[in-house]
Amino acid sequence: MQRSDPSRPLLEMRGISKTFPAVRALAGVSLTVHPGEIHSLMGENGAGKSTLIKILSGAYQADPGGEILIDGAPISIDGPLAARDAGVAVIYQELCLAPNLTVAENIYVGRELRRGNGRWGTIDRAAMARGCQDVLARLGADFGPNTLVGTLSIAEQQLVEIARAVHTKARILVMDEPTTPLSSRETENLFRLIRQLRAEGLAIIYISHRMAEIYELSDRVSVLRDGAYVGTLDRDSLSAERLVGMMVGRDISGFYKKAHAPYDPGNLLLSVRDVADGGRVRGCSLDLHAGEVLGIAGLVGAGRTELARLIFGAEPRVRGEVKLGGKAFGGHSPCDAIDAGLVYLTEDRKRQGLFLDMSVRDNINISVCGRDARLGALDLARGAQRARDAIAALSIRVPHANVSVGALSGGNQQKVLLSRLLETKPRVLILDEPTRGVDIGAKSEIYRIINDLARAGVGVIVISSELPEIIGVADRVLVMREGRVAGELGGHTGAPITQEAIIALATGSSTEAAAAH
């Protein structure tokens, strides 16, 4: 790989603008990245990060007037091939691999080695396998070039994408939310690899909503807001307050602050005793009180989501009892749960929660449209007003209620789904990874909604893999391990809710876990 002078920018994007019909996505944005630098790019959803990266990758063409320079020389990137030839590689959140091809075939895609007569010769798969062995070994891959990509884990597939970038001699590597599907161990391995690539002189643009990752990796951080460049901070000047203020343009004080009164331990809303599904959930019990926010933490695979779906009636129970308001609740289906005042926000809003091709109005109304029936016909005006009220109450950013929900940012999609649940007037709300894939501003608004619900006497269960979030919003925390509740923190236990205590309980790694249990 060609080495560049680290004191000179490798990439300069100057005055980049992009206009879509009726929307100005970027307005004169500039970005400078040096070789051997991890440069994070932050901003709320809709700030323009993806548009800027798609211009760099050749997927979009910028408006006239801006320019892109590599090693100080202006360059035209008029398509993905031009970006690749310029040394730019992008690893998107949705990986771009062919699962039915081998690792080597994916690495060489579009550059296949052939026998005989140039482009018309037969593909030389053996030569391609030999040709990518070195890069796989260099990156620490424990799979071979002839492995089918479809048999690899998400983390391994991500490694194939990185190997392809390195093999094409990319000098600028863009990574868009790369840790979203990864476990903690896989994330650590990815960070080790990113630092290795930085040491080799690559310029890395890293996009993430996760503050902890930004602090751990970044040499510098640039912030976009509403399609405009706000500023760049060096590592030494990073702080949550400054970053959040730059991203949202307003003060978000007390980001995780509990703003509801202490719950009444005598007002029990939900009681779960020894429930099991015959698989992941192996006998769990919990209590939830009116006005309480109960956090559920644990490692991936601990059974948190499965427990939530079991309580909600989305999965059958093989044993155990659930009481809602002191009365036994059969919970044979989600409809039963909703009718009883118990609702569940799924962790996968796009596949299990929202109707992406339907409007915001219809998504909000779909659980309560029966209320609008008059003589066999729906009162559309009433449903439209309900949607407008929900949009205002939850600060959903949409031009109008008839826009397709699939066109919204992740944070606004999440608030549409929350609106639908809240229209049922629940007594108990289970939120499974409520801020996954949403930006800082939307997170703050979701935390406000949680606090408002608790103040109104709703019992809220929050399942989250982000420990600062769990610690910040929850009155008590239950930690799951291997399908069971391993212990409880906060509340009557007196045990402080800390990251160390949660990890100890989740892993069973210390006597602290046993003591808390």
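The backbone N, Cα and C atoms fix where each Cβ goes, and this holds for glycine too.
The domain 'ABC transporter 1' annotation in Swiss-Prot covers 11-251. The feature ATP binding site is assigned by Swiss-Prot to Gly43, Glu44, Asn45, Gly46, Ala47, Gly48, Lys49, Ser50. Annotated domain 'ABC transporter 2' per Swiss-Prot: 263-507, in sequence order, evidence recorded as sequence analysis.
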Let me know the model's mean pLDDT on the domain 'ABC transporter 1' (11-251). 90
Could you find out if DSSP has Ser50 (ATP binding site) as helix, strand or coil? helix
Same chain, 6+ residues apart, C-beta under 8 Å of the C-beta of Gly43 (ATP binding site), given in sequence order: Lys49, Val223, Leu224, Arg225, Val230, Met247, Asp439
Glu44 (ATP binding site): tally of other CB atoms within 10 A of its CB: 24
Those same-chain residues, other than Gly43, Glu44, Asn45, Gly46, Ala47, Gly48, Lys49, Ser50, found with Cβ within 8 Å of the centroid of the ATP-site Cβ atoms are Leu224, Ser409, Asp439
Far apart in sequence but close in space: which same-chain residues, 6 or more away, have a Cβ under 8 Å from Asn45 (ATP binding site)? Ser409, Gly410, Gly411, Asn412, Val438, Asp439, Ala442
Using a 10 Å cut-off, grab the number of neighbouring Cβ atoms around the Cβ of Ala47 (ATP binding site), all chains included. 26
Within 10 angstroms of the C-beta of Lys49 (ATP binding site), the count of other C-beta atoms across all shown chains comes to 23
For Ser50 (ATP binding site), the same-chain residues 6+ apart in sequence with C-beta under 8 angstroms from its C-beta are Asp176
